[in-house]
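Student: Quick one: structure below, then a few questions.
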Amino acid sequence: MAPVLPLVLPLQPRIRLAQGLWLLSWLLVLVGGLTLLCSGHLLVQLWHLGTFLAPSCPFSALPQVALAASAVALGTGLVGSGASRASLDAEQYPPWRGVLGPLLVAGTAGGGGLLVLALGLALALPGTLDTGLEEGLGSALVHYKDTEVPGRCQAKRLLDELQLRHHCCGRHGYKDWFGIQWVSNRYLDPNDPDVVDRIQSNVEGLYLIDGVPFSCCNPHSPRPCLQSQLSDPHAHPLFDPRQPNLNLWSQGCHEVLLGHLQGLASTLGNMLAVTFLLQTLVLLGLRYLQTALEGLGGVIDGEGEAQGYLFPAGLKDMLKTAWLQGAGPHRPAPGETPPEEKPPKECLPEA
């Protein structure tokens with residue numbers, strides 16, 4: 001049974017392999033740590049912006065899986081640096097001989113699987129942000145006025161902070177506020193004819209105005225912020241709703257948050273790809289180094305050439321060996337049964 005992808009390693013290539021693995025492992029530690037920070041940053045951002053994402057949006061799974069994958073990659077890099085450094089010393093390597101094989105299996109199956117899953121999520125999940133933000137921001141705008149409703153008390157504060165921090169207004173623009181009631185009934189006078197007319201002017205019985213909350217105002221504008229009667233061209237002669245202006249934020253929060261979160265997801269996806277490449281190289285190098293040293297009794301500077309490989313035999317041979325070992329002692333087929341020898345006849349005594 002021939003080994004899979006064998007590689008002959010003389011003395012100097014073995015030493016260079018161990019030294020290169022040590023540098024590559026520390027590079028994996030660095031990249032894994034940066035990926036860990038990127039995952040944590042995206043997770044914190046989603047924790048702050050979770051109110052504006054639909055509960056059914058699965059995007060939050062990306063930083064969680066990426067966090068676990070980067071932590072395993074960081075651990076793989078630390079193991080690789082320790083094992084490659086110890087392989088250069090015949091006295092330090094023996095403790096690694098018994099644990100390096102299981103660690104390689106765990107790193108390949110666990111770490112590789114998590115990285116592949118995280119990369120798949122980084123490619124697939126950003127597309128779900130569009131509908132998730134659309135639904136979440138729409139719900140946030142509707143509940144802006146519910147400052148006294150249990151469970152919705154913080155909706156106004158969170159949306160005001162969002163618009164001020166990200167320089168956005170409404171879901172797709174400031175006109176989104178015209179179609180919802182964002183003033184609480186607590187502050188409306190039911191005896192005011194204007195209030196009654198506005199409530200009776202729509203079938204839903206909402207108090208709709210052509211104004212926006214204060215958080216839509218640009219504090220850096222040189223002019224006073226115009227918040228009411230924005231659709232009346234005669235109310236504010238200097239304000240033209242058809243032209244860009246400095247008073248209100250021009251972008252909607254959907255566009256701003258979508259670009260922000262997709263940018264973070266893209267950065268995280270690139271970091272995961274680099275981490276996957278480095279982890280693959282480290283695991284392959286460790287496997288070749290381990291199998292080469294096993295042929296030399298764990299001594300890297302042993303005499304002669306050593307052969308490193310990925311698997312001691314092909315997949316078919318490995319499965320056949322495992323099957324034979326699990327099936328117990330071999331029982332020959334009926335055609336293979338050797339003929340039984342007849343017992344020798346006993347000689348009768350002569351009379």
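Residue positions begin at 1 at the first shown residue.
Quick reminder: no glycine exception, Cβ is built from N, Cα and C everywhere.
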Student: Return whether the side of the membrane given for HIS48 in Swiss-Prot is the same as that given for ASN191.
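Tutor: Yes, Swiss-Prot places HIS48 and ASN191 on the same side of the membrane.
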Student: When secondary structure is assigned with DSSP, how many helix, strand and coil residues does the topological domain 'Lumenal' (44-64) contain?
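Tutor: Computed counts for the topological domain 'Lumenal' (44-64) are 16 helix, 0 strand, 5 coil.
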Student: Same chain, outside the transmembrane segment (265-286) by at least 6, Cβ under 8 Å from its Cβ: which residues?
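Tutor: Contacts with the transmembrane segment (265-286): 17, 20-21, 24-25, 27-28, 31-32, 34-35, 38-39, 42, 59, 62-63, 66, 69-70, 73, 76-77, 80, 83-84, 100, 104, 107-108, 111-112, 115-116, 118-119, 122-123, 125-126, 310.
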Student: Summarise the topological domain 'Lumenal' (126-264) by DSSP state, stating how many residues are helix, strand and coil.
Tutor: 64 helix, 2 strand, 73 coil
Student: State the non-local partners of the topological domain 'Lumenal' (44-64) in its own chain: residues 6+ outside its ends, Cβ under 8 Å from one of its Cβ atoms.
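Tutor: Long-range Cβ neighbours of the topological domain 'Lumenal' (44-64): 118, 121-122, 125-126, 128-129, 131-137, 139-140, 155, 158, 162, 253, 257, 260-261, 264-265, 268.
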Student: Looking only at the topological domain 'Lumenal' (44-64), report the model's average pLDDT.
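Tutor: Computed over the topological domain 'Lumenal' (44-64), the mean pLDDT is 92 on the 0 to 100 scale.
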